[in-house]
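J.: Got a structure for you, questions after.
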Amino acid sequence: MAGASSPPPTPKSPKLQPPLLERAKGPSGLDKIVLRDPRGFTAEVRLYGGQVTSWKNEQGDELLFVSSKAIFKSPGAIRGGIPICFPQFGTHGNLEKHGFARNRLWLVDDNPPPLPVNTGIKTYADLILKPSEEDLKIWPHRFEFRLRVALGPKGDLFLTSRIRNTNTDGKPFSFTFAYHTYFSVSDISEVRIEGLETMDYFDNLKGKERFTEQGDALVFESEIDKVYLDTPPKIAIIDHEKKRTFVLRKDGLPDAAVWNPWERRSKTILDFGDEEYKHMLCVEPAAVEKPITLKPGEEWKGRLELSAVPSSYYSGQLDPDKVLHG
């Protein structure tokens with residue numbers, strides 16, 4: 001008698017991929033959106049502040065700094081990640097420092113106007129902020145602020161801001177702006193910035209007096225709080241100890257602020273650890289020296305692209321003609 005044939009193998013269930021976009025709550029109860037790339041890159045953006053608070057590579061390494069003492073609740077701002085400074089950067093105006101967008105609750109934008117198609121970007125979240133009646137009392141201008149946070153195919157992080165004047169009284173308004181980006185670094189004394197050599201800057205530690213940067217790459221030995229003016233579209237942050245280079249590309253944002261509070265100032269910041277200055281550096285694409293002015297119906301767009309690559313891949317030669325590819 002012929003032997004019975006063995007049953008066909010049971011097909012394996014396909015491994016379920018986590019969703020590319022997920023709405024969740026952080027430990028503090030704040031709503032956040034988690035973006036995932038199939039290869040393992042992730043980013044998180046909080047609805048509070050429209051603020052990116054995490055960006056990880058495929059190994060799970062956190063690339064942004066968030067203070068261990070950060071406070072994830074109203075009315076203050078979250079210390080770390082990428083706070084959005086609007087409609088005022090720093091103390092360049094009469095509003096609270098860095099404006100109010102970073103401590104307002106944003107909404108998910110379910111019907112955003114189209115952006116130019118980038119077939120490589122499949123994971124993104126759209127948020128929107130409009131002024132409340134209370135906001136209009138302190139800054140009497142109506143606007144729509146649309147923010148897209150996206151993960152690129154190589155794990156690059158894209159932020160695109162679109163701000164439209166929706167005033168019905170015919171009045172223009174002006175604003176300053178920054179992506180107040182906190183980078184995670186191994187040791188601030190082992191970090192340098194390329195791309196800001198010979199640039200003019202305002203020194204906020206010297207009453208906003210104007211100077212010109214001397215020497216080669218920027219290195220750090222003490223507190224720094226400067227706004228570099230008319231900077232190139234590409235800046236590199238080289239972390240020697242981690243052998244990692246952050247490449248920052250920007251469009252519509254001519255300036256770049258650089259900040260590290262160092263030891264003495266760190267001890268005066270309530271939501272910042274005394275020693276945390278060693279492991280962070282803020283490099284902030286901005287529009288500060290020349291405020292943006294919009295007439296009713298006009299829209300401004302400011303874009304940031306961040307990539308993190310092994311320093312061996314980075315030639316050290318900044319190409320000013322390289323443009324954003326998203």
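If you go along the chain as it appears here, the first residue is 1 and each next one adds 1.
Glycine is no exception: its Cβ is also placed from the backbone N, Cα and C atoms.
Caution: TrEMBL annotation is automatic and unverified by curators.
From TrEMBL, here are the annotated features:
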- 1-30: region 'Disordered' (REGION)
- 1-12: compositional bias 'Pro residues' (COMPBIAS)
- His180: active site (ACT_SITE)
- Glu284: active site (ACT_SITE)
J.: Which of these active-site residues has the least crowded Cβ, counting other Cβ atoms within 10 Å: His180, Glu284?
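T.: Each of the active-site residues His180, Glu284 was scored by Cβ atoms within 10 Å; lowest is His180.
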J.: How big is the gap, in Å, between the Cα of Glu284 (active site) and that of His180 (active site), rounded to a whole number?
T.: 5
